[in-house]
Amino acid sequence: MSAVITPAEFNDYKVADISLAAWGRRETIIAESEMPALMGLRRKYAAEQPLKGAKILGCIHMTIQTAVLIETLVALGAEVRWSSCNIFSTQDQAAAAIAAAGIAVYAWKGETEEEYEWCIEQTILKDGQPWDANMILDDGGDLTEIIHKKYPAMLDKIHGVTEETTTGVHRLLDMLAKGELKIPAINVNDSVTKSKNDNKYGCRHSLNDAIKRGTDHLLSGKQALVIGYGDVGKGSAQSLRQEGMIVKVTEVDPICAMQACMDGFELVSPFIDGENDGTEASIDKALLGKIDLIVTTTGNVNVCDSNMLKALKKRAVVCNIGHFDNEIDTAFMRKNWAWEEVKPQVHKIHRTGAGAFDAQNDDYLILLAEGRLVNLGNATGHPSRIMDGSFANQVLAQIFLFDQKYADLAPAKKAERLTVEVLPKKLDEEVALEMVRGFGGVVTKLTKTQADYIGVTVEGPFKPDAYRY
């Protein structure tokens, strides 16, 4: 293992450096002041202890903001065991602070793939045996999949999983369709206070930050291609426009494509007439030959494929802000081109062939975070105020599922409850209200007459489930 720890009385952890705990604690205290919804829930439910008896397996980016989430879950009665869902996203001072607080955590920045899986296994196991967990909190679906495939007996006691991100939700829905999902799931990703905050506004803040930290480039006046215009793509395009970049967007969904046009972005395709036949002949080389930066945002595979990578402008920056590293064909890059590490999570990819390279060669791409999440690999991710909404949703989702006690139901009832659903809108509004209060905002209350006129209660929820914010 590459991580080093300092032995102590509590040893159910593995982090990079336990001496970073004081630094992590100082940052956590600051983060708490920027997370009003999460801290509001901590105060609101402290006496009730709604998670007393909950034993939560967590796999989500081990950042300072996650430390606030973990300690909120613990404050509301839960026991937790934690790992990170990405090999580069851990903030080592955050992991150290959690370990120093006596909470089991296995995470450090720069894990290998083998170490990543080992860390997840260590949270599942306690004293060498499967822990008697009864809840899962996941980001991306790796933990959920491992439990289903390697430790299926644990599922008999687990009440459900709350999933943070688009990719993980897709995996859950796929498992449900195939009859493989054995526990109910809450789709946290599609809560309005998650998707509109984290996916859109968070990426607007953190994408340009990561690119500038990784490259020290001035972005203004350069051309960028954003692949995908969902919520993450929207925030990413805004992030680059803020820097003065000339931003183009490519999309497969006509509705998202229309939105890109309406928002003033040029809609293009890296493929001639939009058709990818898998050959270099289908590539719009004139377009890609002018692109200085390409960002993938889709959650799909090979959206920046080998033929596109060959056609990109010399010295173009390539990065991904989707969950996994397969959006960019990094496998092709590793097999066919030479990699030169400039600094951690920044590589020059020499397109002159594999093996030896000329350091003065100018035909290279700059790849950030090895094609993984750039905002967490090259920077510190979304700000605390953004993650406040996402993590408040996670807390409410954990309370909601734990209260349902799925594992204790009769088989017939279990069949009815085996679903992947979003949080009730009333809980989404609860998170939003706490966030508004954190900004010092004042929400106007409906009169009884007004509420009756539009067919809602004075307390809400205020919109139908089908409403698109």
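Heads up, the Cβ atoms here are built off N, Cα and C, so glycines get one too.
Swiss-Prot annotations:
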- T63, D139, E164, K194, D198: substrate binding site (BINDING)
- 165-167, N199, 228-233, E251, N300, 321-323, N375: NAD(+) binding site (BINDING)
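Overlay of Swiss-Prot annotations on the structure.
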residue : record                 : DSSP class
T63     : substrate binding site : coil
D139    : substrate binding site : coil
E164    : substrate binding site : coil
K194    : substrate binding site : helix
G228    : NAD(+) binding site    : coil
H323    : NAD(+) binding site    : coil
Open item on the list: Between the two most separated Cα atoms in T63, D139, E164, K194, D198, the residues recorded as binding substrate, what distance in Å do you get?
Closed with: 17
Open item on the list: Counting only residues 6+ away in sequence within the same chain, which have a CB under 8 Å from the CB of T167 (NAD(+) binding site)?
Closed with: G140, G141, G299, G322, H323, F324
- [ ] Go through the binding-site residues V232, E251, I321 and tell me which ones have a CA within 10 A of the CA of D198 (substrate binding site).
- [x] V232
TODO: With D139 (substrate binding site) as the reference Cα, tell me which of the binding-site residues G228, G230, E251, I321 is the closest one.
DONE: I321
Open item on the list: Under 8 Å between C-beta atoms and at least six apart in sequence, can you list the same-chain neighbours of G228 (NAD(+) binding site), or say none if there are none?
Closed with: T250, E251, C256, T296, T297, T298, G299, N300, V303, G322
- [ ] Give the sequence-ordered list of residues that share a chain with I321 (NAD(+) binding site), lie 6 or more positions from it, and have CB atoms under 8 Å from its CB.
- [x] C203, L207, V232, S236, V295, T296, T297, L373, V374, N375
Task: Integer Å distance between the CA atoms belonging to K194 (substrate binding site) and G230 (NAD(+) binding site) - done: 14
Task: Cβ-based neighbourhood (8 Å from the centroid) of the substrate site, residues T63, D139, E164, K194, D198 excluded - done: I60, H61, T165, V188, N189, M387, S390, F391, Q394
